Amino acid sequence: MQILGIETSCDETGIAVYDDNVGIISNNLYSQKKIHNKYGGVVPELASRDHIKKIIFLMKKTLKDINFDISKIDAIAYTAGPGLVGSLLVGATFANALSFAWNIQSIPINHIEGHILSPMLEKKKPSFPFLALLVSGGHTQLILAKNYGQYLLLSESLDDAVGEVFDKIAKLLGLNYPGGSLLSKLAKNGNPKRFFFPRPMTNKSGLELSFSGLKTAVMQSFKKINTHDQQTYADIACAFEDAIIDTLIIKSERALNITGLSNLVISGGVSANHKLRKKMKKMMSDRGGYVFYPRKEFCTDNAAMIAYAGTFKKQRTVKNLKINVYPRLPINNTF
Ligand code: KG4
Ligand code: ZN
């Protein structure tokens, strides 16, 4: 079985083909980073216009990768939500137009399910049930993954997502959008002891997550210092990164204790963070459990994870050509 995957939920246009015998046989991605960089965040109207500009080019590249052999493609999986409505509509319309032209079914996919399943694209795969920590630009969630398509949201950030806070603090430190990985690089030269920022909601029991207070604390320290010294910037970046990582570790451990699970999946853009990976790995091996990540290129948005998620829906979805998108789609709706 081969599934064509299409991802356009935010500022990355992606098209990939997953073959259930071979794995990913084509994976193409165009990032709009440069377009949004000068605005310090994603401009939705520019994002959807650019998806329109790039999607046909990416499709041609994908067809070339598979030697124009569309006879083996069984279905087209596309991100139907959550995401930016205009961006989602480009992918959904394109997928359904192809579905009509090729007379094969189109499958709506929940983008969050794509992220949760992204480590399944690796050799070392997690087995169900597992705890998923999704840390991306738009979401910070702890999810109990019972099986394909069966997810229970345990907790999510009451305000900013972790990736969003990384990007805002990176901007404060004069780094380009999206600044998560640049901030992490800067933090490597920082002194972890010079600043200390709160580990939000960790004094209270429970799984609640909130990151806007931490963001404000960092911003206030930054204002007080009033310097452009690069070492100070690195020290702030380091203390901020440590606060985020400690908080995520504390909350993940609690969720593992509550659920009794020993497998942890960490996915979404922030899961590319080297220090987070290292510390989570240590925490899990101390507990006798295992942690699973996607490779770095599959941490951030991509179509490979959408194509993979489509393989489990193929038999279940009745062919339809409804172009519906869901900007605020919850994880308990996986179609
Ligand atoms: O999953 P993703 O591509 O987008 C959403 O679906 O929301 O995640 C993008 C986010 C951005 O906020 C980016 O700054 C962050 O992931 N990110 C990182 C790192 N690499 C990407 N944050 C921290 N450390 C990194 N190494
Ligand atoms: Zn995403």
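Note: Cβ is positioned from N, Cα and C throughout, glycine not excepted.
Record check: TrEMBL places LEU134, VAL135, SER136, GLY137, GLY138, GLY180, ASN273 at the substrate site, and the matching candidate among ASP167, ASP286 is ASP167. Residues from the binding-site residues list (LEU134, GLY137, GLY138) with a C-beta closer than 6 Å to any atom of ligand 1: GLY137, GLY138. Residues HIS111, HIS115, ASP301 make up the record's Fe cation site, and a Cβ search at 8 Å around their centroid adds GLU7, SER9, THR79, ILE112, GLY114, SER118, SER136, GLY268, ASN302, MET305, ILE306 from the same chain.
Annotation for GLY137 (substrate binding site): same-chain Cβ neighbours under 8 Å, separated by at least 6 residues, are CYS10, ALA161, GLY163, GLU164, ASP167, PRO178, GLY180, GLY268, GLY269. Of the listed binding-site residues SER136, ASN273, the Cβ environment within 10 Å is emptiest of other Cβ atoms at SER136.
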